[in-house]
Amino acid sequence: MKMTVDFEECLKDSPRFRAALEEVEGDVAELELKLDKLVKLCIAMIDTGKAFCVANKQFMNGIRDLAQYSSNDAVVETSLTKFSDSLQEMINFHTILFDQTQRSIKAQLQNFVKEDLRKFKDAKKQFEKVSEEKENALVKNAQVQRNKQHEVEEATNILTATRKCFRHIALDYVLQINVLQSKRRSEILKSMLSFMYAHLAFFHQGYDLFSELGPYMKDLGAQLDRLVVDAAKEKREMEQKHSTIQQKDFSSDDSKLEYNVDAANGIVMEGYLFKRASNAFKTWNRRWFSIQNNQLVYQKKFKDNPTVVVEDLRLCTVKHCEDIERRFCFEVVSPTKSCMLQADSEKLRQAWIKAVQTSIATAYREKGDESEKLDKKSSPSTGSLDSGNESKEKLLKGESALQRVQCIPGNASCCDCGLADPRWASINLGITLCIECSGIHRSLGVHFSKVRSLTLDTWEPELLKLMCELGNDVINRVYEANVEKMGIKKPQPGQRQEKEAYIRAKYVERKFVDKYSISLSPPEQQKKFVSKSSEEKRLSISKFGPGDQVRASAQSSVRSNDSGIQQSSDDGRESLPSTVSANSLYEPEGERQDSSMFLDSKHLNPGLQLYRASYEKNLPKMAEALAHGADVNWANSEENKATPLIQAVLGGSLVTCEFLLQNGANVNQRDVQGRGPLHHATVLGHTGQVCLFLKRGANQHATDEEGKDPLSIAVEAANADIVTLLRLARMNEEMRESEGLYGQPGDETYQDIFRDFSQMASNNPEKLNRFQQDSQKF
């Protein structure tokens, strides 16, 4: 090892030694600056490299997304996937290179600066200190007078000790300098050599990777050449076709006038028509119309679900309209509404009218089940019947209201005469009927029975689930409880007079209902059969403020679902397994224990039985209470004059509310606090119930004793869904008032949004649970 500073000169402490030290110290200082700069540049390079890797990964993800987008093109998908995988390997190689760079350059050089240079600086400080002490000792020794022997000896001793210490520290300092000068060469070369080997490994790995990819790239290049040739050929063909088409006469749309009743895809005719809106402005909008499956439907965009104009063409007529200013207009009239349409020309108008008339005639000739009809709210796109959507395919394959209702026990035959395959229903009773019995039910009046067709009418989701929750077996156990005891035989199909007498005795006179005695007045019964804890729990609902009540409902987790579909307590039947309500499945233990205090329903007043059963979501018991004469609007004076409908809201069941409303419940009847069902549903965050009550005419302007209407409660609770529904209903109400007595029932936007909320509340209630889930977080 070549010495930078000589040890002999060190002992002499000569000017040559001091000059050598000064030179070495300056060199070390400059070395430290260079190394610090190199380390900082290395760190910046590594950070930039990591950022490059991150950006490169994002670029690779973009290539993969493009490959997935090109899934229909095997060549593009395969090549992009293969290239992205190879480039991902290169990113991994880059990551390894940066890690090795960090270890070889940054870590090693930083360690050299922090360890070796620090030792040098420490030795320098000690040397400078002892040098200063030596100089002081020499000066003091020179200044001592001869006649002061004691001071002479003391100065001599200090000088001797200081010189010895100086020589020792100076030798250590010189050794540290020489070692540092030697080590810096090895450290710098070692780190740079490691760095170069890292690059060698990086490029070698990249070479191996692309050597394997090379043959595929050559094949792809040859294939690309063929694709370019094919593309040029296709371009020439399209240019020729374009030139040929340009020579045709497009002055008329005769090519679009054809319709085919026997079309393979079921579409008789389709094309653009102008449709007059039902809003206040009576605007005309251009929509894509089609006639298919004996229905007239339209849509705005291809991805939109078609809106059904006419459910069944057999129930409508079509006629020319010459009494309005716009040309080429015709009107499609059904029993419930009419639709004004406008074609682009007289030929197109005649073609559409003829297509509708032909479809009507064809519909009358056809036989069989109508299960392939489009559903008004979730029918598949007219142009995408093969889109692969399972739920839409199910509807096309026959999962209709008829099938879903008839699969309930007892519903496969008429509830009153036993005739098979009934296609009518009484929606407030929850039973299926044959066509003859349905006519008799109509004659009873809607206060006894509301009749609807299972095949021709539109079924709202909550009403369909109500039908699935009851059924002929459940209702007959109530209304035919004493038929066998009384020795009465049910009428047979075809016996019109016997049927009429039997049905009137069954539902109007209720002769066959099992009568039970009522020995207690309603207040006495409540005091006897309702525990104090139960009353406190029930009444505590009304003591909360809007915010507290929402949090309480979220904590109890008993009302976290608005669907209202629950298991019947009689037979445990789950009406619609895909949308079982969490209300009936997760009821708190305390409330179940209190509900057991109600004991046998035979000991309850019918009104109180209906009241309790509404909270328990027990539809069979509710039907039994109504059969025994319960007032559907009975108010419980012991519990704030709450009604069965309010109890159904507190119980969290949408179907229970629907059942009470179908049987005449007053949607605006309020308790002593001035809160109606809409208030309670808003406070609890039950979006599905709010939607149902607004559709049934609930007064959202009514205020409670605190002066709050449902909208202000929803705004305070920050429930966006309910605020949207209330404001939309209020806007629709104002629009109807502005149109006067003969205005339309509401614009299409209002109807579409409420239809969507009804669908979600019944079929996807978890989508409306956002408010409860957010409340649980707090």
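The backbone N, Cα and C atoms fix where each Cβ goes, glycine too.
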Which residue does Swiss-Prot record as phosphoserine, given the choices Ser14, Ser521? Ser521
Candidates Ser70, Ser278, Ser581; Swiss-Prot annotation phosphoserine sits on Ser581
The candidate from Ser384, Ser569 that Swiss-Prot records as phosphoserine is Ser384
Give the residue counts of the domain 'PH' (266-361) per reduced DSSP state, in the order helix, strand, coil. 19 helix, 42 strand, 35 coil
What is the pLDDT of the domain 'PH' (266-361) when averaged and given as a whole number? 87
